[in-house]
Structures are given as C-alpha cells and as structure tokens.
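Structure record follows, encoded as structure tokens.
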Amino acid sequence: MPSPKPPSRRGGGTSSRSGSHATDARDLTVRVRTARGRTTSSTQWLQRQLNDPYVQEARRRGLRSRAAFKLMELDDRYHLLRPGLRVVDLGAAPGGWTQVVVERTRLQSGGGGRVVGIDILPWDEIPGACCLVHDFMADDAPALLTGTLGGPADLVLSDMAAPTTGHRKTDHLRVMALAETAWDFAESILAPGGAFCCKVFQGGTEGELLARMKRLCTQVRHAKPAASRPESPEVYVIAQGFRGRDDTDPSR
Ligand SMILES: C[S@@+](CC[C@H](N)C(=O)[O-])C[C@H]1O[C@@H](n2cnc3c(N)ncnc32)[C@H](O)[C@@H]1O
C-alpha cells in the first residue's frame with residue numbers, strides 16, 4: 001500500500017479562496033446547507049469532510065479513515081513496519097492504521113507477524129488482525145492485550161484520543177494521560193529493539209514522560225505528518241531502539 005502524494009483537488013481548489021488559480025478551473029467544492037437540527041459546527045465538520053482530499057483518497061482506496069495516511073507517512077520516514085512484526089494498535093477504530101499494519105507487515109500473505117488492535121468503540125473486524133473492543137484504561141486491558149498478542153511486541157502504536165471538549169487545556173491533559181498510560185504499557189510489552197509511536201499534543205511529550213522515553217530508547221523524535229490537520233494540536237512521538245524496561249526507575 002503506497003503512501004499518497006498529498007492528494008490534490010481537481011479543479012484547482014476552492015474557488016472562494018482560489019483567486020490565483022486558472023479562471024477556467026471548475027469549482028468542485030461541496031457546500032453544505034445548514035439544516036434544521038444540524039448545528040453550525042456539525043455543518044462545518046460535514047463540509048470539511050466532503051472537501052478533504054485525504055477523505056476522498058481514503059474512500060477511493062477502501063481505507064477506513066484518513067488517519068491511515070498519517071501512519072503511512074510516519075512509516076515511510078521512520079521505517080516502523082516490516083513483515084513478521086508483532087504490533088499492538090491502541091485506539092484503533094475505525095481501523096485505518098490497522099489496515100496499514102496488516103498490509104505493510106504482509107499479515108495476510110503469511111508474513112508471520114501479528115496485530116492486535118483495541119478500541120473502546122465497536123469496530124468491524126479487519127481480516128488478518130485481532131480486533132478487541134475494550135477500554136484501554138481499564139485495569140485488565142494490559143493483560144488482555146498481552147495474552148492476545150501471545151508474546152512481546154515489536155511495535156506499540158497509539159492514535160488514542162478522547163472526544164475533544166473544546167477546552168484546550170482539558171483536551172491536552174486527556175490526550176497526555178492516554179499517552180502516558182500507553183507508554184507504561186509499551187514499557188511492559190516491548191521487546192528489546194522495539195518502537196513506540198503515539199499521538200500527543202503540541203508542545204510534544206513533556207517532562208517526566210519524555211525523560212523516561214529517552215532513558216529507555218536510543219532515539220526519540222516528534223513528527224507532524226502532512227495528513228494531520230494544520231489547525232490540530234496533534235503531533236506524534238516516535239521512540240525507537242527500546243533498550244528494555246528499567247524496574248529500578250523510581251518514576252515508574
Ligand atoms: C483518532 S481515532 C483513531 C483512528 C485510527 N487510528 C484509525 O486509523 O482509524 C482515536 C480513537 O481512540 C479511541 N479511544 C479513546 N480513548 C480510548 C480508550 N480509553 N480505550 C480504547 N480506545 C480509546 C477512540 O474511541 C477513537 O476511536
């Protein structure tokens with residue numbers, strides 16, 4: 001599954017913002033009328049979805065989410081995926097990242113690896129993957145994931161995000177709490193040499209969490225893929241070259 005070139009809009013973009021484009025380019029922007037019962041924000045969301053080239057490209061390729069393009073780009077840059085890997089995908093629904101993992105680790109053609117995805121929301125099975133519906137923050141989630149994977153992981157992915165409240169500080173804290181719990185879990189399941197790729201919020205992974213990752217991994221970087229909306233504070237932290245868990249670390 002090749003990564004996309006940043007999808008372009010046929011017709012040269014939105015005419016309302018494209019005064020510099022060729023004058024014969026047709027305006028293909030879909031405009032959504034506000035309807036009774038639909039709030040302004042949901043109208044804006046719908047209009048953005050209908051006009052998002054990543055949404056259109058995902059649909060064309062049979063991908064479940066535009067988020068799939070973020071993982072493709074991160075993998076192209078940091079070489080996270082290869083055949084035979086054992087991967088855990090946290091916050092996996094509706095399944096775009098899992099589809100990319102299955103494809104790029106060649107799970108369906110006997111690649112020898114395994115992928116276990118988990119989400120608190122129901123999601124449809126993906127052939128080649130084990131799709132769990134469970135709260136990752138529940139006490140029994142680490143054991144469930146470890147048992148289902150059946151051994152150490154080479155890669156832990158987390159695209160988990162709680163529904164946004166619109167209150168920036170609250171949203172930041174909620175995403176960072178998920179990221180910290182994801183790293184705690186990664187420390188317990190990653191094989192030496194393993195990697196972790198996780199959504200965090202701008203400002204990146206801070207303080208103690210970043211220090212812990214740097215202590216246990218040879219490389220820790222932040223990246224914002226092109227498919228991540230510029231107005232979104234999300235970025236991804238990629239920690240590679242896991243050295244093994246340090247049970248003497250007092251911050252654990
Ligand atoms: C941005 S979406 C993930 C998109 C996914 N990577 C894809 O490519 O389709 C974030 C997901 O995190 C999930 N999530 C948030 N909190 C969770 C939790 N405590 N346990 C499991 N999943 C959670 C949400 O239900 C949501 O489906």
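Cβ coordinates come from backbone N, Cα and C, glycine included.
Here TrEMBL flags Lys199 as active site, proton acceptor. Look at Lys199 (active site, proton acceptor): DSSP puts it in a strand. Taking a C-beta cut-off of under 8 Å and a sequence gap of six or more, Lys199 (active site, proton acceptor) has these contacts in its own chain: Gly91, Ser158, Asp159, Met160, Ala161, Val175, Ala179, Glu234, Val235, Tyr236.
Around Asp119 (S-adenosyl-L-methionine binding site), the C-beta neighbours below 8 angstroms that are at least 6 residues distant in the chain are Gly91, Ala92, Ala93, Cys131, Leu132, Val133, His134. The S-adenosyl-L-methionine binding site annotation in TrEMBL covers Gly95, Trp97, Asp119, Asp135, Asp159.
Sequence annotations record features per position, and here TrEMBL assigns compositional bias 'Basic and acidic residues' to 243-252.
Residues or ranges marked as domain 'Ribosomal RNA methyltransferase FtsJ' by TrEMBL: 64-242.
According to TrEMBL, the region 'Disordered' annotation covers 1-26 (among others).
Annotated region 'Disordered' per TrEMBL: 228-252 (among others), in sequence order. Shown for the region 'Disordered' (228-252): DSSP residue counts in helix, strand and coil, namely 0 helix, 9 strand, 16 coil.
Cβ contacts within 10 Å of Asp159 (S-adenosyl-L-methionine binding site), excluding its own Cβ and spanning all protein chains shown: 23.
Cβ-based crowding with a 10 Å cutoff singles out Trp97 as the top-ranked of the binding-site residues Gly95, Trp97, Asp135.
Note on the region 'Disordered' (228-252): residues 70, 74, 78, 80, 161, 168, 171-172, 175, 179, 184, 186-188, 190-205, 208, 210-213, 215-222 of its chain, located 6 or more positions outside it, place their CB under 8 angstroms from a CB of the stretch. Per-residue pLDDT, averaged along the domain 'Ribosomal RNA methyltransferase FtsJ' (64-242), amounts to 94 for this model. Taking every pair among Gly95, Trp97, Asp119, Asp135, Asp159, the residues recorded as binding S-adenosyl-L-methionine, the greatest CA to CA distance is 18 Å. DSSP assigns Trp97 (S-adenosyl-L-methionine binding site) to a helical segment in the three-state reduction.
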